[in-house]
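In what follows, a structure is listed as structure tokens, so that the remarks can point back to it.
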Amino acid sequence: MGRRRIRSRIRKSHFYTFKCLRPKTLEDQGPHIINGPGYTRIVHCNQPHLHLAKVLRYTSNYVSTTRYNLITFLPKCLYEQFHRVANFYFLVAAILSVFPLSPFNKWSMIAPLIFVVGLSMGKEALEDWRRFMQDVKVNSRKATVHRGDGDFGRRKWKKLRVGDVVKVEKDQFFPADLLLLSSSYEDGICYVETMNLDGETNLKVKRCLDVTLPLERDDTFQSFSGTIKCEDPNPNLYTFVGNLEYDGQVYPLDPSQILLRDSKLRNTSYVYGVVVFTGHDTKVMQNSTKSPSKRSRIEKRMDYIIYTLFALLVLVSFISSLGFAVMTKMHMGDWWYLRPDKPERLTNPRNPFHAWVVHLITAVLLYGYLIPISLYVSIELVKVLQATFINQDLQMYDSESGTPAQARTSNLNEELGQVDTILSDKTGTLTCNQMDFLKCSIAGTSYGVRASEVELAAAKQMAIDLDEEQGEEVTHLPRTRGRMHGYAKMPSKTSSDIELETVITATDEGDQTQSTGIKGFSFEDQRLMGGNWLNEPNSDDILMFLRILAVCHTAIPEVDEDTGKCTYEAESPDEVAFLVAAGEFGFEFTKRTQSSVFISERHSGQPVEREYKVLNVLDFTSKRKRMSVIVRDEKGQILLLCKGADSIIFERLSKNGKNYLEATSKHLNGYGEAGLRTLALSYRKLDETEYSIWNSEFHKAKTSVGADRDEMLEKVSDMMEKELILVGATAVEDKLQKGVPQCIDKLAQAGLKIWVLTGDKMETAINIGYACSLLRQGMKQIYIALRNEEGSSQDPEAAARENILMQIINASQMIKLEKDPHAAFALIIDGKTLTYALEDDIKYQFLALAVDCASVICCRVSPKQKALVTRLAKEGTGKTTLAIGDGANDVGMIQEADIGVGISGVEGMQAVMASDFSIAQFRFLERLLVVHGHWCYKRIAQMVNICELYLIFRQAHHLHTEQHTT
């Protein structure tokens with residue numbers, strides 16, 4: 001409890017400049033103008049019973065992701081079943097069989113139809129039941145709700161009402177869209193993890209209104225009341241307009257006070273909030289879309305077969321009936337045994353047209369077995385059984401997380417055997433989203449001797465290729481864990497004389513993971529460990545580097561009272577890796593107060609605790625690409641410590657701060673080639689006068705009111721973040737998931753094309769491509785990127801479009817002129833360029849180029865671009881596409897593809913809920929496609945007996961993998 005009380009006294013707004021910081025003069029800003037359509041919602045805080053009135057009756061907090069309910073199941077499911085051509089035909093035939101014209105018993109047509117349709121509807125009901133049980137699990141979660149008189153109790157999510165006051169504790173999900181009232185921190189700051197909403201793992205910072213800060217205990221809500229007038233439910237995650245009427249005053253609200261459903265409270269002991277939107281009115285549910293109805297290609301092909309067979313049936317029936325009518329007209333009078341003197345309607349020679357019509361209907365029914373209803377029965381049975389096999393396959397069960405594979409629909413089982421293109425996310429899908437501190441560059445010297453996974457994969461591939469070229473078998477790789485003498489070069493950039501010994505420091509994954517045993521720290525270099533850095537020639541620069549790691553952050557230490565070990569809660573996994581590394585180097589961040597951070601330095605003799613007073617924090621934003629802290633050390637010296645993207649830091653260096661620029665740039669390039677994420681570290685010494693003048697300007701900007709407040713803050717921050725002195729750079733590794741390189745390599749051998757769509761920068765994506773065998777030695781890389789053409793009089797947009805089109809045409813021509821039949825190409829493009837490449841007049845040329853390449857990597861792409869690329873690949877090629885991802889930002893891509901696969905990763909369940917199949921790790925995709933997809937496809941293709949369908953999957957026969965019958 002003591003630790004919690006210390007944390008609750010910290011005013012976290014002191015740490016943040018740009019994020020949700022409200023000026024002290026907020027009341028002067030005035031409330032929002034709330035009237036007119038779209039702004040009719042009224043919420044009575046702590047008085048949910050008032051919303052029972054008809055005019056204010058809001059939706060409950062019960063959510064449903066099912067396709068059907070008890071009322072709509074029968075009509076909707078029957079419509080979907082008879083939307084199939086064969087089922088509709090059998091329905092018409094069953095209706096006609098009831099009449100006396102039928103040549104056989106009516107049940108011979110009705111019974112098979114009921115069986116086929118009933119089986120399909122039962123399958124749909126089972127799959128929807130699973131969705132229903134998932135909904136029940138979510139709706140039955142418990143929340144802590146104010147029951148009156150300051151008493152809080154537990155209540156199921158589905159029973160929450162608009163206006164309820166809710167208490168959410170650390171690591172719990174928010175049960176509805178809430179207005180933040182207060183938190184465990186003195187100034188109402190709280191951390192929110194939104195990866196279920198946008199796929200981002202970085203924490204967001206929220207802050208309540210100052211007027212509600214006193215509501216910090218359960219008993220303070222005994223007499224609390226207020227009224228919220230705000231916008232109506234809408235899907236905009238990043239906007240909110242409303243006013244809070246409280247204590248006779250009106251206060252404006254914005255998105256920084258709203259806590260969205262399905263996001264999680266982190267790094268904060270508890271928060272209080274009032275429910276604003278519930279159930280399907282919440283923003284996450286407003287953004288959700290019903291899973292599209294997908295049909296397999298075999299099913300669509302069977303529709304054409306039914307059309308063909310039906311046309312043949314009608315033709316045969318027409319010819320037969322026509323012959324019968326002619327015979328009735330010409331010869332019926334001669335057939336005395338048919339009693340022409342007392343003719344029936346069917347045998348009346350005076351009315352042959354009637355005989356023709358009646359016989360046509362009879363013939364259609366009689367020859368109806370030309371359309372095999374048993375085929376549909378068999379196919380449905382195979383699909384249902386195969387879905388069961390997938391769910392029970394122990395070889396796709398992840399023992400670490402306890403997650404099995406799941407076929408969320410059985411309609412697409414055979415599609416798994418026809419996949420032509422796989423579109424994959426990177427972070428969390430191919431990689432673990434776990435950051436490990438691996439290397440660093442300090443004062444122009446590179447430290448860290450362990451090889452990254454990219455380097456190991458490149459070295460192993462080089463060993464294989466060199467062995468093939470030289471005709472010799474590589475029987476031994478050096479089991480050395482010594483120092484690397486250089487960095488691994490990418491295969492496309494190396495010559496055959498590169499020595500593998502300079503790359504490989506371990507021969508298996510066990511060596512890579514067992515050296516330190518510390519999560520987030522894989523660094524290995526005795527020059528820095530154990531205080532040995534004091535013997536290095538630039539020990540002063542190393543000291544500054546390590547202090548920057550330990551001080552320049554906004555993290556909070558958590559001390560385990562049992563073990564005494566310190567863990568950190570930060571906005572990003574990178575910051576945690578930096579703090580763990582600093583601690584291992586002897587600079588442990590141990591404590592944070594309202595105005596100071598404390599570092600335990602143990603580099604020379606006994607540990608010494610040093611205090612750094614935090615004067616200002618200029619936090620990281622995606623636009624700034626850097627963060628800085630201004631601190632005063634124990635000697636009274638004011639320091640600005642800055643870390644950020646190298647491109648941003650390098651342009652802000654002073655003339656005297658570039659001593660290590662050339663060497664650091666070279667090291668950064670090497671780290672990038674090794675697939676590592678890099679940041680540059682720098683600092684600046686300030687004098688009192690300079691800081692006082694700047695701080696007064698900063699305070700004015702910080703307390704200003706207006707739309708240009710953030711812009712003013714950025715300008716003032718830029719004034720300070722200049723004339724920096726470069727110290728070095730860090731390199732952390734986002735580790736690959738187990739088995740990813742082998743899985744991709746085998747899928748590529750089968751002829752499947754693999755596209756990676758990621759938000760990471762190009763260098764990182766390329767290097768991950770090498771690590772996971774997506775890019776290989778000898779593969780020719782094609783870069784499509786925007787180029788600035790200075791001096792051009794043409795419209796910039798038109799010039800950019802024309803430039804990109806010419807690059808695409810030239811690349812396509814180069815591929816056509818390639819004489820080597822075994823040559824492989826890789827296409828690499830970034831998000832800005834992709835914006836132009838996806839325009840209507842260019843996209844098909846871009847698609848033709850992408851299809852000709854064995855691998856495609858799209859960098860810096862948005863979720864919308866992921867979906868657009870997937871749609872282009874699906875519609876443009878006409879072949880089966882599979883999209884796989886693990887975050888909410890992958891949902892559009894998953895739903896757009898012919899087959900969507902969700903990974904139960906660290907970014908929540910949004911991707912899984914939107915998918916057709918779910919697996920725990922990417923490596924299971926190989927078995928899902930080859931074993932299950934291939935098996936199901938073979939059985940159904942053999943039933944349909946269409947040779948060309950079977951040939952579509954002929955490449956899967958060449959997949960060199962172990963085949964197991966399920």
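Positions of Cβ are set from backbone N, Cα and C atoms, glycine also.
Not measured: the values here are computed from a predicted model.
Taken from TrEMBL, the feature domain 'P-type ATPase N-terminal' applies to 43-110. Taken from TrEMBL, the feature transmembrane segment covers 85-101, 304-327, 353-377. Annotated Mg(2+) binding site per TrEMBL: ASP425, THR427, ASP886, ASP890, in sequence order. Feature annotation from TrEMBL assigns ATP binding site to ASP425, LYS426, THR427, GLU575, PHE620, LYS643, ARG677, THR758, GLY759, ASP760, ARG860, LYS866, ASN889, ASP890. Taken from TrEMBL, the feature active site, 4-aspartylphosphate intermediate covers ASP425. According to TrEMBL, the feature domain 'P-type ATPase C-terminal' maps to 912-946.
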Rounded distance in angstrom between the Cα atoms of GLY759 (ATP binding site) and ASP886 (Mg(2+) binding site): 14
So, by DSSP, how many helix, strand and coil residues make up the domain 'P-type ATPase C-terminal' (912-946)? 24 helix, 3 strand, 8 coil
Across all protein chains shown, the binding-site residues ARG677, ARG860 give the max Cβ-within-10 Å count at ARG677
C-alpha spacing of ASP425 (Mg(2+) binding site) relative to ASN889 (ATP binding site), in angstrom: 9
Work through the binding-site residues one by one (ASP425, THR427, ASP886, ASP890) and name whichever has its CA nearest to the CA of ARG677 (ATP binding site). THR427
Around the Cβ of ASP890 (Mg(2+) binding site), other Cβ atoms found within 10 Å total 32
Same chain only, please: residues at least 6 beyond the ends of the transmembrane segment (85-101) with a C-beta under 8 Å from a C-beta of the stretch. Say none if there are none. 108-110, 112-113, 116-117, 302-303, 306-307, 310, 358, 361-362, 364-365, 368, 371, 373, 376
Inter-residue C-alpha distance, ARG860 (ATP binding site) and THR427 (Mg(2+) binding site) (nearest angstrom): 12
Mean pLDDT across the domain 'P-type ATPase C-terminal' (912-946) comes out at 78
Please give me the CB contact count at 10 A for GLY759 (ATP binding site), counting all chains in the structure. 21
Sequence-distant residues near the transmembrane segment (353-377) by C-beta distance (under 8 Å, 6 or more away from its ends) are 86-87, 89-90, 93, 96-97, 101-104, 109, 112-113, 115-116, 119, 302, 306, 309-310, 312-314, 316-318, 320-322, 324-325, 328, 345-347, 943-944
